[in-house]
C-alpha cells in the first residue's frame with residue numbers, strides 16, 4: 001500500500017519506517033527541509049534503538065522516501081497518517097491541535113480520489129469529527145474517511161512495540177476503510193495482535209485512558225514507596241507481591257522519580273480538560289497529576305536530608321538525565337526540576353548520559369557534562385542514579401570515586417541496599 005506520514009517526529013518516523021519494513025511504499029513528509037535532508041542521509045533526529053538501521057535498509061530498497069512536498073505526497077498515497085505534535089497549551093491543560101487542523105486544511109486541497117485519513121497523533125475525543133468538518137468544506141465525504149488509529153509505542157522499545165503490538169485499535173464504522181486497514185495490519189495480526197474495531201471517538205479515548213491508567217499505576221507505587229520509607233518496609237517486595245496478581249501485573253510498578261516524557265504529563269492533563277469540557281470531574285486523574293508534580297520536590301527533600309542541608313559547593317553527579325532509559329527524550333524529565341533547584345542552593349553539578357550532552361543545561365554555569373561514567377563520578381560527594389540505563393548497573397564505586405565520603409541516592413533501586421552496606425557505601429534508595 002502507498003502511505004503518507006505527515007510529521008517526522010517520534011510517532012511519524014517510527015511508524016513510517018516500520019510500515020516500510022512490512023513492504024509498504026511510504027513517504028514521510030515534514031516542512032523542516034534540514035530534517036528531511038538529514039533523514040535522506042540516514043541521520044535521525046531521535047535516539048531509538050534499531051531505528052537507524054531499519055531506516056537505512058528501507059531507504060536503500062526504495063520503500064521509504066522523505067519529502068517536504070505535502071501536496072505531491074498526499075496525491076500519491078492511499079492512506080494518510082497525521083503524526084504532528086499535540087503539545088499542552090501554555091495557558092491550560094488542553095491539547096494544542098493547531099498543527100492537526102492546519103494539516104487537515106492542507107489535505108483538503110489535495111484530494112482527487114478516495115483517501116483514508118488517519119489520526120496517529122494523540123488527540124482528544126471529537127478531534128476526528130472536527131477534521132471531517134474541515135475537509136468536507138472542500139471535498140465530498142464520498143472521497144475520504146477519517147479514522148482514529150492511536151499508537152502505543154514506548155520510547156526505547158518502539159520497534160518491538162510496533163512489530164509485536166498487544167492490539168491494533170481502529171476507530172471507524174466505515175466498512176471500506178476498516179477492510180483496507182485490517183489488510184494493512186494483517187502482518188501484525190498474524191503475529192498475535194488483537195484487532196479492535198470501534199467508533200472513532202472510542203479509539204481516541206482508548207489512547208488517553210490507557211496512558212492515564214499507566215500514569216496512575218506509577219503514581220500509586222510512588223506514593224506507596226513514601227509509606228514504606230516510614231514503616232521500614234521494602235517497596236520492591238510490595239511491587240513483586242502485587243505484580244504477581246494477574247489482575248494487576250508487574251509492569252509500571254517500579255517506584256522512582258516523577259513520570260515524564262512526551263505522553264503521560266501531556267495526556268493526563270488533556271483527558272481532564274476533555275472531561276471538564278463535558279462537565280465531568282475526573283478526580284482520580286487530577287490527584288495523579290498533583291501527586292506527580294509534587295514528586296520532584298520530595299526527591300529534592302531527600303537529597304537535602306542526605307547532605308544534611310549542606311548543599312553549597314557540594315559536587316553532585318547525575319547518572320542519566322533523560323526521563324527514562326533507552327531514549328534521549330528530556331521532556332518533563334525530573335532532572336529539569338532537580339538540577340536547577342540544586343544549583344540555586346549552590347551545588348556543583350556534573351552529569352553523564354549515554355545519549356550525550358543536553359542543551360537544557362548549557363545555560364547554567366555550574367553544570368558540566370562528562371563523556372564517561374568514571375569522570376562523572378570521581379569527585380562526587382553525592383551520586384544520583386536518575387535514569388535506569390544498563391550502563392549504570394555494574395559500577396565499581398569504591399574504585400572509581402576518589403572522595404571516600406561519597407553517598408549514593410539510587411532513584412531507580414538498581415542496586416542492592418544489603419550489598420552496598422556490605423561494601424560500606426552510604427546508600428539511599430526509594431521506598432526502603
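Quick reminder: no glycine exception, Cβ is built from N, Cα and C everywhere.
As the structure is a computational prediction, the values presented were derived from the model and not from experiment.
Per TrEMBL, the NAD(+) site holds 30, 35, 86, 122, 155, 266; the candidate it also names there, chosen from 331, 412, is 331. Substrate binds 152, 153, 154, 155, 252, 253, 254, 255, 256, 260, 324 as TrEMBL records it, and from the list 105, 207, 374, 378 the residue named for this site is 207. Looking at the domain 'UDP-glucose/GDP-mannose dehydrogenase C-terminal' (317-417) alone, the prediction's average pLDDT is 96. For the domain 'UDP-glucose/GDP-mannose dehydrogenase C-terminal' (317-417), DSSP puts the residue distribution at 26 helix, 19 strand, 56 coil. Candidate binding-site residues: 152, 207, 253, 255, 260. Nearest to residue 86 (NAD(+) binding site) by Cα distance: 207. Annotation for the recorded positions 253, 255, 263: lowest Cβ count within 10 Å of the residue's own Cβ, 253. According to DSSP, residue 152 (substrate binding site) sits in a coil region rather than a helix or strand.
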